Amino acid sequence: MLDAFSRVISNADAKAAYVGGSDLQALRTFISDGNKRLDAVNYIVSNSSCIVSDAISGMICENPGLITPGGNCYTNRRMAACLRDGEIILRYISYALLAGDSSVLEDRCLNGLKETYIALGVPTNSTVRAVSIMKAAVGAFISNTASQRKGEVIEGDCSALAAEIASYCDRISAAVS
């Protein structure tokens, strides 16, 4: 995983060139938006339990068979595993947002996730639905449209951060589909 600075330096070094022009402008933008990024990560962290439990509850409401005998969320152990997986996925989304780089998702979260879920008999469509609910919830928190919030409102336009988070969620959904 490379942060924005390491990525720029690595690219410039590979070209045997100085860092300048558009690379410096991109870093300036990254720095100026840094407080928004930190606030967004803080909102995810502060509301993670609610975001994940709402996503899993929503997934189950749409597919009640998941909590019937034989369903993938039936028994406390399986429900706990489902909630744990949701927390892990959301945690890696927050890491990617903090770094401004999605490679942490590929390297540490998505690599082999689909195969593991298939081997365990986890319905991938339910996973995709839970991720889409998390995407909507996180987007609402970041863009200040969530009805219940913990903390202050992020100042300024955060649509770029909301779009970035949406792209991470879409990447996760595509990886497990």
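Glycine is no exception: its Cβ is also placed from the backbone N, Cα and C atoms.
Checking Asn72, Asn111 against Swiss-Prot for the annotation N4-methylasparagine singles out Asn72. Annotation for Asp85 ((2R,3E)-phycoerythrobilin 1 binding site): spatial neighbours Thr127, criterion Cβ-Cβ under 8 Å with sequence separation of six or more.
Taking the centroid of the Cβ atoms of Asn72, Arg77, Arg78, Cys82, Arg84, Asp85 as the (2R,3E)-phycoerythrobilin 1 site, the other same-chain residues with Cβ within 8 Å of it are Cys73, Met79, Ala80, Ala81, Leu83. Of Asn35, Asp39, Cys82, Arg84, Cys158, all annotated as binding-site residues, the residue with the shortest Cα distance to Cys61 (phycourobilin binding site) is Cys82. Per Cα geometry, Cys50 is the residue among the binding-site residues Cys50, Arg78, Arg84 nearest to Asn35 ((2R,3E)-phycoerythrobilin 2 binding site).
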